[in-house]
Every structure is written in C-alpha cells, then in structure tokens.
Amino acid sequence: MRRVTLFLNGSPKNGKVVAVYGTLSDLLSVASSKLGIKATSVYNGKGGLIDDIALIRDDDVLFVCEGEPFIDPQTDSKPPEGLLGFHTDWLTLNVGGRYFTTTRSTLVNKEPDSMLAHMFKDKGVWGNKQDHRGAFLIDRSPEYFEPILNYLRHGQLIVNDGINLLGVLEEARFFGIDSLIEHLEVAIKNSQPPEDHSPISRKEFVRFLLATPTKSELRCQGLNFSGADLSRLDLRYINFKMANLSRCNLAHANLCCANLERADLSGSVLDCANLQGVKMLCSNAEGASLKLCNFEDPSGLKANLEGANLKGVDMEGSQMTGINLRVATLKNAKLKNCNLRGATLAGTDLENCDLSGCDLQEANLRGSNVKGAIFEEMLTPLHMSQSVR
C-alpha cells in the first residue's frame, strides 16, 4: 500500500495523509473529501501534473487543485504565515474599503459554525481575492461589520449611536452569527416605542380630567382602566364605549349620561353611583355590585341597559324608574327593594332573580323569563296586562 501527503495548491501547511488505491479518480475523490474542495487535478512538488496513478510513489507530496494553475508554495506571494499556528495568526480584512485587523481565533472560536469561521478556520481553503496589501476582500458594509467583529472579540453587543440595528442584524444573518442575531432582535424590540397596554391609574386619569374643560367630552373609548380606583370622581358625559373597566372601583362616582356601551364592567363596584341617563347597551357587568345606585333622572332621561349582561349583579335598593332593561340578562341577579316603576323588562332573562320588595308598577315584563324569580313582599301587585309568563 502506498501513502501520500496531500496539500492544497500553494500551501505547505495542514496536509492530509491518505492511502493510494484504485484509479486517479478515486484519489481525487479522497482529496475532495479530506480537503473540503472539489479536486480536479494533482501536481507533484515540482509542478508536474499527475495524470496516471502509476506515477505516484510512496510518501510523495502532492498538491491538489480545483482547476487553477499550479502555485509553488515556496514562492507564494501571500503574506507569510505566523509562527504560533493558525489560531493566533493575524490577518487583515478589507470590508467595503475599510481595513480591520484581527486574528483567526477571533473569527473562528466564538461562532465555529458561522460563515467567517468556515472562511478562515483552515488556511488556503478559502480562495477569496486579496488586495495589494494582502487583505481579504469582503463586499459588505464596514459600519455594520464593526459591531459584529467586536462581538466576536468580547461577546458583548455594542453599537455606536447613529448605526441602524437593522443593518447590523442583516449582516449578522449574512455571516451566520446566530447568538448575535438573538441579541440584536431583543435590542431592536427594546428600542421600539413600547406598546403600553397597562391599565390607566387614578393619578393619570385625574390628570386628564383636570386638563379637560367641563364642557368638553372626554374620549376614553377602548381604554384600559382595569382595576383602577375611580371612586367619587365626576365622570359625567365621558365616552367609555368599549372600555375595559373590569374590577374598577366606581363607588359614589358621577356617571350621569356617560356612554358605557359594550364596556366591560365585570366585577366592578358601582355602589351609590349616579347613573342617570347612562348608556350601557350590550355592556358586560357580570358579577358587578350596583347597590343603591340612582338611574332615575328628574328630567325624564331614561337609562338604557338594553341587551346588557347583568348576571349575578347586586342592584339592591337602586332607583331604576323607567330604566330600559329590554332583552338584558339578569340571571341570578339581586334586585331586592328596587324601584322599577315603568321599567322596560320585555324579553329580559330574570331566571332566579330576586325581585322581593320591588316596585314593578307599570313595568313591562312581556316575554320575560321569570323562571325561579322571587316576587315576595311586592309593593304593588303585578297586573295581567304586564304579561308575565
């Protein structure tokens, strides 16, 4: 069995010892696998082309090419090799016309699977062009490359002012610096204006109220007040349409003529609140407390809670003369001792609702569901014309 030492064309370093068998094509296949190239021809140390396997002797030194002419390793015009091995070799990169000097270990060790590591981990493997100073030419943006090189040096992402992080991210993706990509994506996300969905506090809202003239309508549509303490505030005529007021404390608040259409009031406390002329169409007040509230407007303006979800609400002792609760859901609600004179309860779900002690004079209960409802101690008897079924 014969064995030979294979080198890349023009390089006397990092050779591979292989066994010679079969044909010249077999040797080229082995050379391609060992050296990571597409070998097409083999030369001896004197530049002679080997075209027959029989010409190869034991312990020959051969140079493998990818089709380029033979380069004598002793007269190679490339900069001289370092004396301490390739992991400490200094090299210069010409990136977009700007020079960067670093070591192979910097480019290889931090991200061994990156493009830069594959380009420089073995000398001579990468056949890129070099300029007149021997610097490797890389056609990329130097201002975006500098943060990447510094990251490979010390592992910290440092980007100077005025440099777009998106540009650095694209360069990191190009060179395959995976760990840096994660850092950059986080940095870009943190640099964006925050999408603040946190609830508005009482202090912030009071500041809005003080800055708004009393005759101007404050627009709070769709805002998040979840859990806020808005008790005892003057909230007249404010547009809370589709706002999140869940678990809010609105006790003793003045919500006269406020628009709470489709608002979320679930779990909120509105005890003793002034709700004259309030608009609460299709609002969700499930589990809320509305004890001793006043819905009755002396001017005749009626509160509108049509289609509202009032499951399990506690409205005990509230004044609701003329209120519109058409097709609302009051299942398991507590309406003890409420004044519901002239109220519209047509199509309302009153299943298991406690209406004991209520005044339902002239109230419209046509088509309402009163299954399991409690009508004890009524102030006025229900008339057949009210059509309870």
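Just so it is clear, glycine is given a Cβ too, placed from its N, Cα and C backbone atoms.
What Swiss-Prot annotates here:
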DOMAIN    3-82  domain 'KHA'
MOD_RES   SER11  phosphoserine
DOMAIN    89-161  domain 'BTB'
DOMAIN    224-256  domain 'Pentapeptide repeat 1'
DOMAIN    258-297  domain 'Pentapeptide repeat 2'
DOMAIN    338-376  domain 'Pentapeptide repeat 3'
Residues of the parent chain within Cβ reach of the domain 'Pentapeptide repeat 2' (258-297), under 8 Å, 6 or more residues beyond its termini: 231, 235-252, 303-323, 339
Residue numbers, six or more beyond the limits of the domain 'Pentapeptide repeat 1' (224-256), whose CB comes under 8 Å of its CB atoms: 197-202, 205-206, 209, 217-218, 262-278, 297
Residues in the domain 'BTB' (89-161) grouped by DSSP into helix, strand and remaining coil: 25 helix, 16 strand, 32 coil
Packing count at SER11 (phosphoserine) (other Cβ atoms within 10 Å of its Cβ): 20
Arithmetic mean of per-residue pLDDT over the domain 'BTB' (89-161): 86
